[in-house]
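If you look up TrEMBL, you'll see A:K7, A:Y8, A:G9, A:G10, A:T174, A:D175, A:R185, A:K210, A:V211 marked as ATP binding site. TrEMBL lists A:T47, A:E74 with the feature substrate binding site. Under the heading domain 'ACT', TrEMBL lists A:271-347, A:353-416.
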Protein chains: 2
Amino acid sequence: MGLVVQKYGGSSVADAEGIKRVAKRIVDAKRNGHQVVVVVSAMGDTTDELIDLAEQVSPIPAGREFDMLLTAGERISMALLAMAIKNLGHEAQSFTGSQAGVITDSVHNKARIIDVTPGRIRTALDEGNIAIVAGFQGVSQDKKDITTLGRGGSDTTAVALAAALDAEVCEIYTDVDGVFTADPRVVKKARKIDWISFEDMLELASSGSKVLLHRCVEYARRYNIPIHVRSSFSGLRGTWVSNEPHAEQGARKVEQAIISGVAHDTSEAKITVVGVPDKPGEAAAIFRAIADNEINLDMVVQNVSAASTGLTDISFTLPKTEGRKAIDALEKTKSAIGFESLRYDDQIAKISLVGAGMKTNPGVTASFFEALSDAGVNIELISTSEIRISVVTRADDVKEAVRAVHTAFGLDSDSAEAVVYGGTGR
Amino acid sequence: MGLVVQKYGGSSVADAEGIKRVAKRIVDAKRNGHQVVVVVSAMGDTTDELIDLAEQVSPIPAGREFDMLLTAGERISMALLAMAIKNLGHEAQSFTGSQAGVITDSVHNKARIIDVTPGRIRTALDEGNIAIVAGFQGVSQDKKDITTLGRGGSDTTAVALAAALDAEVCEIYTDVDGVFTADPRVVKKARKIDWISFEDMLELASSGSKVLLHRCVEYARRYNIPIHVRSSFSGLRGTWVSNEPHAEQGARKVEQAIISGVAHDTSEAKITVVGVPDKPGEAAAIFRAIADNEINLDMVVQNVSAASTGLTDISFTLPKTEGRKAIDALEKTKSAIGFESLRYDDQIAKISLVGAGMKTNPGVTASFFEALSDAGVNIELISTSEIRISVVTRADDVKEAVRAVHTAFGLDSDSAEAVVYGGTGR
């Protein structure tokens, strides 16, 4: 029996009862002979309450102090969890990100882990303790200031510790049973995935699946740490994310599905730059203006220019929250670049089909478009990668589109067989 | 203009409004040309709420984890305070006890400061920042664990930092205007003291005055750091505590009062060990039993033994919270020591008269007893030091006793002159 890293989110430790329930689960793992390291988030709404307090005293987002404030949340939950475990007769010690050796860069509010030196954790484990570690936080290498890792940071803490401690598995406990073939709130017949590759999980995460964040999966892939996503409420086996499916991970490779799942995302907006002169450097100037404002783009599409005008349209999607900033940045460059106008549209949805199997299965793209067409859903933009196809549709169409694609690719839970693809390539 | 350490208690930063008010006051000190270090407690009831959560998950007082939990409180208030200051256009950085270099022993929940190495604070000040430091907490020298300093610990943090940084003054901001000649809730005519010596303040603190704790004053005396106790609400000059009254401290030495004030304390109980054999070693055995249980005694009185029986009674006072433990400890030694019985009485009060002037003013004790006698208050125990007389009375009599003594010694605020003492010594 080796070392297990378990991560519990805020909803799992929302109150004293939740903390006691989680403590029992941790003690079970210890009783089964594992060394156990637990990464915990702040209790329930704690972080939101702290943000609210910060807004009351200052509208200025003060990076260093904001991080100092937010990290109080995990300090509370981890100490309470350690107490609850001791109350069950087991030894536990809690550690801040800094004490656990989570070393980051100095970018407050969204720091990146640059090293993990878990000497104190290792010592605590060797002395028979369960180690409880604050998620979401670290300490900056140069200034020794407290930093936070940004959204979903606790998952990243867990995977990073699992890598540094050479853990058997990183268990991510959450309030759902695992990763599904589509959002179960939209697709009633969505199926829990038993096993999924890092690559497919990365694409799902990029495409709107919220169970695991891209960054955490990327870290796990780099260090080859199997992730087991499961419910802290049910105790059922969840979804394994790893390089290769092992027998105990619920699937053999031959059974690997062609398609892993359908993701959707309604958090993006679409900007179209209309009437751009079709000359070298014009597109570059547009994207330089966007990049200089640190705005991350998602899909980018340039239509063929109309020969008669020498003008083209460039469309891209980006988070709605960045929309205002992008429009402002582009307006400032309008005369320099010489485009005609900007169109902003935040009533869009992105639907993505993900699966490594599609690389070798021609016709997936055609089947995807046919399913959408049959459902009467219009396609506005298309973007593809080796293992993903994404389209942009009207936001109103998103549920129908996801259900149609889910059914068409045999992902519905009462469907035993995957559809057979024919045709002439994607 | 030199360096000032300011300390704000939980009631001063109870909500966003309080934090903003305190921020203005801090910025004023900075604008006046001072380097400013601020020590802050947890907001309002935060600590009580955290203790309540701890009790919900575990009845076991887990020292290390309990300290980790409680220190979240200051982390929140200090970060918010730093944000509020930055919002006023000044630079501020917050520091945990550990970051501020507050090094303690490893006694969780009541650690003692053994060193202060404020290198980061000094750097922050030199870079033009206001430094905000978490009160009440430190880091243990040997294990590098988070510790807390126990009740009133933030005042001690402030004085210790003032000493380490060679501050001009340590300002303790609170919700009253300063140190009074008696508790203003009991004595309406109680007068704010402009200046008081360390020694008198130590005696007042030992005798039930709650404005400053003994430990904080002791630290200030050892390093000769003047303390200015004042209101965070009124901004008025409060009470200076120092070795020598300076002109700006509102009093010249010739004006120094004979009596500094009257303190009272209803938090103690009295235990009487009845029928102790009057032989060498008997009293020692009793107090060894108490000491082995780490119970702190206050007053100790042994009556003259009755010659006919060879038995004596020994009485002492101690915190009510320790009463049960002391009785249990003594019961266990009953047969070994051979006393007759124990009496426990928690309906007592202690009234103390404090003033360095009484050393050279005969008759103070007599006047004290006369005042109590005139008020019809019976005295049960007496204990004296060079600059203090304390008596134990019935708890019911405490208010009347304090008022009578306050008036008799000319401390009432409408009384211009101190009484003249005659008689033949104390």
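Including glycine, each Cβ sits where the backbone N, Cα and C put it.
Since we're looking at a predicted model, the values are computed, not measured.
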Arithmetic mean of per-residue pLDDT over the domain 'ACT' (A:271-347): 84
Secondary structure at A:R185 (ATP binding site), reduced by DSSP to three states: coil
ATP binding residues A:K7, A:Y8, A:G9, A:G10, A:T174, A:D175, A:R185, A:K210, A:V211: largest Cα-Cα distance, in Å and rounded to whole number: 24
Cβ neighbour count (within 10 Å, all chains shown) around A:T174 (ATP binding site): 22
Spatial neighbours of A:V211 (ATP binding site) that are distant in sequence (at least 6 apart) but have CB under 8 A: A:T174, A:V176, A:G178, A:V179, A:F180, A:V229, A:T239
Pairwise CA distance, A:K7 (ATP binding site) versus A:E74 (substrate binding site), rounded so that it is a whole Å: 12
Greatest C-beta neighbour count within 10 angstroms, which of the binding-site residues A:K7, A:R185: A:K7
A:T47 (substrate binding site) - helix vs strand vs coil (DSSP): helix
Most Cβ neighbours inside 10 Å, all chains, among the binding-site residues A:G9, A:T47, A:E74: A:E74
Mapped DSSP class for A:E74 (substrate binding site), helix or strand or coil: helix
